[in-house]
Amino acid sequence: MTLVIEWAEKYRPQTLKEIVGNKKAVKDLRTWAEKWLPGIPEKRAVILQGPAGVGKTSTAHALAHDMGWEVIELNASDQRTAGVIEKVAGSAASMNTLFGGKRLIILDEADNLHGTADRGGMRAIAGIIKSTLQPIMLIVNDVYGLTPTIRNLCQEIKFGSVQSRSMVPALKKVCESEGILCSPDAIQQIAENAGGDLRSAINDLQAAASGREVLEVEDISTSSRDVKENIFKVMQRIFKSTDCKKALEAARGLDESPEDLIHWIDENLPAQYASNDGDLGDIRAGFGYLSRADLYLGRVKKRQNYGMWRYASMLMVCGAAISKTKPYPGFIKYQSPSLWRRMGQIRSRRDLRDNIASKIGEHSFESMRYSRNNLFELYSRMLKGEESAIEITARLGLELEELIYLSGSTKASKKIQKIYDRAQELLLEGKGQSNDAEFWNPSPSIENKEMPSDCAFNTADEKTRKSSEESDESDSKTSQGGQKTLNFGFAISPETSQEITNSRNKNSGAIIPYSFTSGTLLPDSFTSDSLNLEKSQEEVGGIGFIPNSLKSGNPKPDNLRSVSSLPESFESETFPVPERIESVNSTELSKPKEPVNCKPVIKNAPDKPGNPEAEASEAPKKTGSKTQKTLFDF
Ligand SMILES: Nc1ncnc2c1ncn2[C@@H]1O[C@H](COP(=O)(O)OP(=O)(O)OP(=O)(O)O)[C@@H](O)[C@H]1O
């Protein structure tokens with residue numbers, strides 16, 4: 001069996017000179033690349049954005065070839081988790097090459113980093129771009145698939161469709177190299193059919209030429225692949241004529257599913273039938289058909305019976321075509337579905353909001369969800385004063401766009417720009433002063449702080465918790481074992497502090513001690529003050545964090561619940577119970593001599609040497625805390 005080599009691959013351009021069309025994009029890219037020669041440019045990464053098959057990937061490789069750069073590529077077939085990106089791209093970005101040349105890091109289809117496997121990938125990319133010593137190139141079809149932070153960090157270079165007149169010489173060259181006599185009309189036809197996608201044009205040429213030495217235009221119409229209909233032409237067919245058959249044929253030639261097509265018709269039907277003293281009745285009738293088509297689309301989804309797509313298509317296309325009672329001449333600029341645009345905007349706003357929430361979460365040792373729901377307002381208020389705004393911006397590492405969002409502005413005013421610039425200066429200064437640990441370490445060291453009675457867990461646990469959380473996406477971060485009192489690492493007013501406490505208590509819950517010996521969550525009235533520490537230090541194994549819903553009613557003894565029988569209302573969101581807790585029954589928890597390593601640090605807590613119970617609680621600490629079980633271990 002002979003192996004058929006794809007011509008598109010065989011004739012992939014090797015140098016920038018061979019790239020067809022998109023001259024400006026190629027020039028901009030070369031200019032950016034040349035900025036890497038004297039040192040590190042302001043924008044360390046570029047985004048090559050554009051439709052499929054217009055030469056983005058080829059241009060990236062051709063640039064590396066022309067500049068004499070090595071290439072490291074991570075494409076969509078590789079698993080691109082945050083870990084892999086950091087390992088491959090991160091290490092490539094932070095190291096110099098053997099002979100001091102540059103190394104181009106290409107992330108192809110960077111807008112397709114979604115799904116569980118690619119979690120955290122965007123954040124990893126942003127982190128790498130900020131500190132890379134090597135040029136980075138992100139290739140995307142849809143730039144909105146990237147987070148605003150990444151977009152801010154990169155220079156964007158747009159690639160457009162390749163014009164058919166530019167394609168013709170490239171296709172001729174392929175014919176010459178393959179020894180095929182192709183008529184100019186045939187080449188022209190292939191170029192026009194391709195709709196700006198040179199890869200498709202080359203594929204069409206290969207398909208048409210297979211088994212032939214001479215290629216005429218007739219061969220193209222019979223042997224070429226299905227030619228993509230242009231959506232705008234289909235809209236015209238539907239809205240300008242009443243010929244259902246032709247409209248349906250045109251719609252079938254489209255590279256759109258009925259689920260997408262219905263949005264196009266929905267968007268343009270009212271615009272078309274309202275033009276030229278439009279008729280409301282026509283619009284109503286048209287939407288009547290669309291709603292029935294939508295019913296079928298719903299059934300397709302529900303039953304996974306794609307056979308019903310044909311009824312949906314028929315209803316939407318023919319229904320929209322025949323619902324007009326008069327012709328609607330004149331030009332109408334058909335629009336892409338505004339729903340998609342809105343969704344794109346919403347998505348980028350949502351990404352922006354989540355980025356901020358995750359930064360606040362990291363800063364305040366809270367989950368992203370908690371930060372999003374409860375701390376936004378607070379941090380936003382802290383941006384009101386100029387000095388505190390600068391400090392917050394620096395501490396959180398906010399990008400300009402994020403600062404605008406969090407401060408509630410719509411654009412970068414002079415004041416915001418100034419805050420941002422000063423925060424950047426502060427960051428630069430801070431980096432130079434490695435001894436200013438407090439600034440760079442926003443949370444005070446837990447061991448060194450005198451914890452309030454409601455905040456006790458050992459730092460080893462905290463480290464384990466943090467590292468396990470970091471491997472997850474921030475949304476799945478939990479506040480288990482986290483810092484129970486918010487400590488922002490900078491001076492905040494007593495009012496603000498009170499506000500934080502209120503916000504916590506109102507929104508998610510309160511912190512109450514957890515008793516290991518009884519296996520119960522103590523009611524909120526049971527504070528550390530009421531614990532007889534001398535007698536029960538051993539008992540006080542850890543701190544439980546429960547939502548207010550759990551504390552309803554009077555905290556009577558019969559309200560106490562054992563961990564093994566958590567109520568349904570006990571949502572893991574507000575009270576993240578580690579998975580392994582399920583396997584722990586109350587008997588295990590209530591082992592009387594189970595050593596514990598997490599006990600509240602209480603002011604002047606008596607630690608009498610003669611007290612056997614106090615000694616018993618100290619002893620396991622010395623022997624090895626790793627073997628000790630706490631609530632956070634489960
Ligand atoms: N502008 C171009 N100049 C020369 N050849 C091109 C051009 N665009 C596409 N081609 C041909 O199409 C093939 C695929 O191009 P390439 O992979 O660079 O497209 P792309 O824009 O990166 O597409 P995708 O977004 O699908 O990855 C190339 O191997 C080449 O043969």
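A Cβ is built for glycine as well, from the same backbone N, Cα and C atoms used for every other residue.
Listed features, source TrEMBL:
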type     : residues                                               : note
BINDING  : GLY50, PRO51, ALA52, GLY53, VAL54, GLY55, LYS56, THR57 : ATP binding site
COMPBIAS : 460-469                                                : compositional bias 'Basic and acidic residues'
COMPBIAS : 625-634                                                : compositional bias 'Polar residues'
DOMAIN   : 42-163                                                 : domain 'AAA+ ATPase'
REGION   : 459-486                                                : region 'Disordered'
REGION   : 544-634                                                : region 'Disordered'
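Where TrEMBL records a feature, it is marked here on the structure.
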| residue | record | Cβ within 10 Å |
| --- | --- | --- |
| GLY50 | ATP binding site | 23 |
| PRO51 | ATP binding site | 15 |
| ALA52 | ATP binding site | 10 |
| GLY53 | ATP binding site | 21 |
| VAL54 | ATP binding site | 24 |
| GLY55 | ATP binding site | 24 |
| LYS56 | ATP binding site | 26 |
| THR57 | ATP binding site | 19 |
- Write out, in the order they occur in the sequence, the residues of the chain not among GLY50, PRO51, ALA52, GLY53, VAL54, GLY55, LYS56, THR57 that have a C-beta within 8 Å of the mean position of the C-beta atoms of the recorded ATP site. ASN141, PHE159, ASP197, ARG199
- Under DSSP, the domain 'AAA+ ATPase' (42-163) has how many residues in helix, strand and coil? 51 helix, 25 strand, 46 coil
- Query: Across the domain 'AAA+ ATPase' (42-163), what is the average pLDDT of the model, as a whole number?
  - Reply: 82
